[in-house]
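Annotated in Swiss-Prot:
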type	residues	note
MOD_RES	Ser156	phosphoserine
REGION	1-21	region 'Disordered'
REPEAT	23-111	repeat 'Solcar 1'
REPEAT	122-208	repeat 'Solcar 2'
REPEAT	218-303	repeat 'Solcar 3'
TRANSMEM	29-46	transmembrane segment
TRANSMEM	86-105	transmembrane segment
TRANSMEM	129-143	transmembrane segment
TRANSMEM	183-202	transmembrane segment
TRANSMEM	224-241	transmembrane segment
TRANSMEM	278-297	transmembrane segment
Amino acid sequence: MAAPRGPRALSAAAPGSGKPKLTHPGKAILAGGLAGGIEICITFPTEYVKTQLQLDERANPPRYRGIGDCVRQTVRSHGVLGLYRGLSSLLYGSIPKAAVRFGMFEFLSNHMRDAQGRLDSRRGLLCGLGAGVAEAVVVVCPMETIKVKFIHDQTSSNPKYRGFFHGVREIIREQGLKGTYQGLTATVLKQGSNQAIRFFVMTSLRNWYQGDNHNKPMNPLITGVFGATAGAASVFGNTPLDVIKTRMQGLEAHKYRNTLDCGLKILKNEGPKAFYKGTVPRLGRVCLDVAIVFIIYDEVVKLLNKVWKTD
């Protein structure tokens, strides 16, 4: 009789078996990358508006009166495609970001499941935290820094970046590799807390829905609702860190000595409400993007389970 295998990581499963059907981390990397790429193409306009509002500091004075005004001015000046300016830099980062996130989550959960192969909420939070830190260091910080610099540059009176690769070359030439890692501390805090909250909520809701039947099928609609709920929780939990991260990665990042100094200056000069600028567009984008990512991820894993046998 074959010896029992050690636990791997959670995936969409076929009903009827005792323990949950588990996913190989390699499948998680492929499914996560595909989900991340599709999601960002759908949701980028709300990300663009959110970033514009956060960069629109009161002292300038403000250029936009709100979300609708930001959209109207952008479309009037640059057409509908203006809402997709900076997409390339974010798309290049979104695919590896989701791949690293899900791959690391599944890898960590290999070692944190109980004897029944179940991942409880607390361990889901810890795995999510590890996944968030990994994606922040490997992908998010450099790509988000480039994205914010691109959007900020293209809304200036004299844009200097002619394209993604030209912009990256100029940033590295002028500031070195350090120029792509501005706001690392804020990014690690933001992504770590983001994924900790999301995977905690998602794991809790999955466990509640499936009850004692670990292999109860998850309908894509249910997965989407759970994902949107997890996304909303993460928005209210860490929007202040997102605001600080955006300021630290903008073209005026030199105004701040470090993450703490940035937070204190925002509080002193603009008040507590400034930490929640861009919350409404971010809430819509995050709920949609987390729902989309989890739906696509689960469905791709189901497909991979049919063609890639890892048990």
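Glycine residues also receive a Cβ, built from the backbone N, Cα and C atoms like all the rest.
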Same-chain residues at least 6 beyond the ends of the transmembrane segment (278-297) whose Cβ lies under 8 Å from its Cβ atoms: 28, 31-32, 34-36, 38-40, 42-43, 46-47, 49-51, 53-54, 67, 98, 102, 198, 202, 220, 223-228, 230-232, 234-235, 239, 242-243
Interface-richest range of 29-46, 86-105, 129-143, 183-202 toward the transmembrane segment (224-241), CB pairs under 8 Å: 183-202
Helix-strand-coil residue split for the repeat 'Solcar 1' (23-111), DSSP-based: 72 helix, 0 strand, 17 coil
Spatial neighbours of the transmembrane segment (86-105) far in sequence, C-beta under 8 Å, 6+ residues away: 9, 25-26, 28-37, 39-41, 44, 47-48, 51, 127-128, 130-132, 134-135, 138-140, 142-144, 146-147, 150-151, 154, 163-164, 167, 195, 199, 293, 297
Tertiary contacts of the transmembrane segment (29-46), as residues 6+ beyond its ends and Cβ separation under 8 Å: 71, 83-84, 87, 90-91, 94-103, 281-282, 284-285, 288-289, 292-294, 296-297, 300-301, 304
Confidence summary (mean pLDDT) of the repeat 'Solcar 1' (23-111): 86
